[in-house]
Amino acid sequence: RFIAKPCAINLGIQDSGPHRAQPNAILEKVFTSITKSPDGKRLEGLSKQLDWDVRKIQRWFRHRRNQDKPTTLTKFCESMWRFTFYLSIFFYGVRFLWTAPWFWDTRQCWYNYPFQPLTSRLYYYYILELAFYWSLMFSQFTDIKRKDFLIMFVHHLATIGLITFSYMNNMVRVGTLVLCLHDASDFLLEAAKLANYAKYQRLCDAFFMLFGVVFIVTRLGIYPFWILNTTLFESWELIGPYPSWWLFNGLLITLQVLHIIWSYLIVRTAYKALVRGKVSKDDRSDVESSSEEEDATPNSTKGVLSTSSNGSNRVNGHVAGGQWTEE
């Protein structure tokens with residue numbers, strides 16, 4: 001409110017949302033009391049009742065649904081908050097781990113386990129991360145519902161489970177490595193979103209490409225060969241198959257599966273943007289549109305259009321960044 005919003009306004013981001021639906025008491029009552037996405041039979045009934053074309057009614061419901069979506073200013077403020085947290089916690093983690101012996105030798109994670117001291121710096125690192133991911137878990141139900149809702153829900157569950165489980169079992173040393181590794185790329189994605197909302201396209205592209213490289217290197221390279229290696233093999237060698245070994249490593253492997261899925265989405269998005277020069281589909285668009293607008297603006301397609309998965313177009317002069325930061 002006091003930092004992000006003034007920054008957004010100085011960058012020229014207006015607090016204006018999508019096109020608003022024209023007032024209509026009958027359709028508003030259906031929207032609020034019955035359904036936000038009427039089926040064909042209900043659309044036909046409303047068409048006869050209002051003497052409106054079915055496509056006009058569909059357009060009204062689409063505009064009405066978009067009306068409730070957050071504005072660019074709201075999304076900028078949210079991304080700036082996440083960017084601030086991810087960047088701060090990442091540098092805190094790097095600074096803390098730089099002097100930790102297990103950062104340079106992962107076998108140190110298991111020496112004298114479980115009789116390892118819990119320092120105050122380690123404690124606050126864990127509590128801050130746990131509180132943040134709990135907040136994401138709750139806010140996910142009130143934020144825009146995207147197509148990867150289930151994947152993100154599983155991710156938050158696995159993350160909270162891992163943080164809590166590793167803390168209870170005093171596996172905090174290897175836990176700090178996992179936390180710091182995951183924070184390494186998140187702030188870059190939020191930076192790309194901020195640049196996209198502010199219409200700094202080249203900066204957005206640069207941040208996203210950097211994010212993609214860091215994400216793939218850390219999640220598909222360092223994570224399995226550094227983290228999973230020590231939890232699967234070094235721990236087995238040094239302290240044996242402790243009772244919670246299977247659950248702990250099961251959660252870590254679940255995260256690795258999610259890493260593979262997200263890496264595929266990142267590579268696919270970058271491929272579309274770089275090879276085709278434009279993106280034909282945004283799998284996670286939060287503003288609906290439909291083919292009616294295509295019919296209404298056949299001569300306006302000289303600019304680059306970004307098409308949402310719901311079927312319609314958004315004029316997007318900053319296509320690449322607009323596409324991949326949404327995904």
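Note: Cβ is positioned from N, Cα and C throughout, glycine not excepted.
According to TrEMBL, the feature domain 'Homeobox' maps to 27-71. Summarising the annotation, TrEMBL assigns DNA-binding region to 29-72. Taken from TrEMBL, the feature domain 'TLC' applies to 74-275. Feature annotation from TrEMBL assigns transmembrane segment to 83-103, 123-142, 207-226, 246-267. According to TrEMBL, the feature region 'Disordered' maps to 282-327. Residues or ranges marked as compositional bias 'Polar residues' in TrEMBL: 297-315.
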Model confidence over the DNA-binding region (29-72), averaged pLDDT: 81
Summary of DSSP states over the domain 'Homeobox' (27-71), given as helix, strand and coil counts: 32 helix, 0 strand, 13 coil
